[in-house]
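Enquirer: There's a structure below that I have some questions on.
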Amino acid sequence: MTKNKKLILDTVQELETVLSFDVQKSLGDFTWKERAHAVEEEAGNYKIRFYSDGLNLTAKSAIETVIKNSIGKDIENFSVYFERKEKAPTQPQKQPNTPSPNHEQHQHTQQPAQKAEMRAPSGKKPISGVKRIIAVASGKGGVGKSTVSVNLSLALFNQGYKVGILDADIYGPSVPTMLNIHKDPLVNENNKIIPPEAFGLKVMSFGFFAPEETAVIWRGPMIMKALQQFFWDVDWGELDFLIIDLPPGTGDAQLTLVQSIPITGAVIVTTPQNVALLDAVKGIAMFRKTDVPIIGVVENMSTFSCPACGTETHIFGSGGADRVSEKFEVPVLGHIPLIQEIRSAGDLGEPLTTLPKHDVRIRFAEIAEKVVKNALTMESKNK
Ligand SMILES: Nc1ncnc2c1ncn2[C@@H]1O[C@H](COP(=O)(O)OP(=O)(O)OP(=O)(O)O)[C@@H](O)[C@H]1O
């Protein structure tokens with residue numbers, strides 16, 4: 001039991017790295033570790049004692065959600081116990097039937113936690129030298145998000161921009177393979193990580209640090225800490241665009257990520273199937289709620305080109321991205337066909353956008369032009 005209490009306290013104290021900037025700011029003069037100061041256990045119930053001096057209800061709710069998301073998977077019965085560290089100079093008269101101002105207890109016994117509001121905090125921290133950050137997202141895995149991230153990055157590079165790509169997909173970091181990078185990043189004299197370069201792109205990926213088989217055991221706080229290092233401890237130099245290949249889905253990792261840095265806009269990747277489109281819709285909703293503009297939708301694997309006769313078949317249905325576009329008033333940036341060459345180019349680390357005059361290169365060039373145009377429009381609106 002004692003061991004459990006220590007483990008819970010250690011885990012909670014590590015959560016500082018996943019707090020939004022708004023909550024971090026509201027901690028004031030107390031550090032997170034000072035506030036999350038003890039864990040008590042009685043009859044299998046764990047009480048996490050937290051000093052809440054100066055915190056408003058929104059901050060408390062966000063703190064509860066962060067704690068619940070971290071330890072709620074492993075421990076069923078726990079409560080966050082908010083109390084004052086410093087006694088108020090004069091204790092107010094206690095009103096009948098009002099709770100004591102000194103503590104409020106929030107029990108989490110099999111009850112859904114209060115959902116923290118999905119609002120983008122104002123305190124986003126820019127990445128030094130990076131002019132625009134574009135998130136490439138999909139509601140579901142395997143739709144070609146990394147393929148689009150890599151080829152879009154190269155298409156922007158082909159148009160003369162300075163481009164970096166950050167592979168934030170902890171569960172399937174495929175960018176190093178797709179760009180054929182097999183060298184480990186070095187650290188410069190200022191202790192900044194130097195991103196390896198491939199085909200003119202600066203590249204950073206979880207894949208450099210965690211082999212695929214170990215990546216899945218990383219827990220939320222570790223992932224967030226690593227991501228934050230990728231934002232602010234990498235020597236990105238001067239970039240016109242940083243493309244971030246997000247992990248698939250719309251969970252807490254994605255949410256924290258989009259709330260940490262000022263994202264110019266998001267590109268949503270989908271395939272024409274209904275199920276993928278529903279996931280794309282969730283992705284759009286997440287970005288809208290966090291005030292990140294949608295640059296547009298790329299429909300991947302839209303048609304199958306028969307390598308023998310060249311016939312185009314809509315094997316996953318058709319018009320999906322157009323339906324999303326109409327419903328949410330977001331532009332369609334382009335359609336990429338399902339062709340075996342894209343898969344083999346990905347496996348070999350020779351992206352098709354590096355080959356002159358290839359149809360896929362032309363399609364991504366058009367997508368990149370629209371991305372630049374829309375991103376610049378968004379940027380000027382924000383000024
Ligand atoms: N248009 C395409 N035609 C043929 N193969 C494709 C196409 N797009 C992607 N692929 C292949 O599909 C597989 C999954 O693509 P990719 O890794 O880009 O998807 P993802 O959405 O990033 O997946 P994950 O969620 O696992 O990160 C890869 O083998 C890739 O080469």
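Note that Cβ sites are derived from N, Cα and C of the backbone, with glycine treated the same way.
Okay, these came from TrEMBL:
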BINDING   GLY139, LYS140, GLY141, GLY142, VAL143, GLY144, LYS145, SER146  ATP binding site
COMPBIAS  90-113  compositional bias 'Polar residues'
REGION    86-125  region 'Disordered'
Enquirer: Return one of helix, strand or coil for GLY139 (ATP binding site), based on DSSP.
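Expert: GLY139 (ATP binding site) sits in coil per DSSP, no helix or strand.
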Enquirer: What same-chain residues, at least 6 away in sequence, bring their CB to under 8 Å of the CB of GLY141 (ATP binding site)?
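Expert: Long-range Cβ contacts: TYR171, GLY172, PRO248, GLY249.
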Enquirer: Counting across all protein chains present, how many other Cβ atoms fall within 10 Å of the Cβ of VAL143 (ATP binding site)?
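Expert: Taking every protein chain into account, the count is 23.
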Enquirer: If you count Cβ atoms within 10 Å of each one, which of the binding-site residues GLY139, GLY142, GLY144 comes out on top?
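Expert: Selected residue: GLY139.
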Enquirer: Name the secondary structure element type, per DSSP in three states, that contains SER146 (ATP binding site).
Expert: helix
Enquirer: Counting Cβ atoms within 10 Å across all protein chains shown, which of the binding-site residues LYS140, LYS145 comes out on top?
Expert: LYS145
Enquirer: Please give me the CB contact count at 10 A for SER146 (ATP binding site), counting all chains in the structure.
Expert: 26
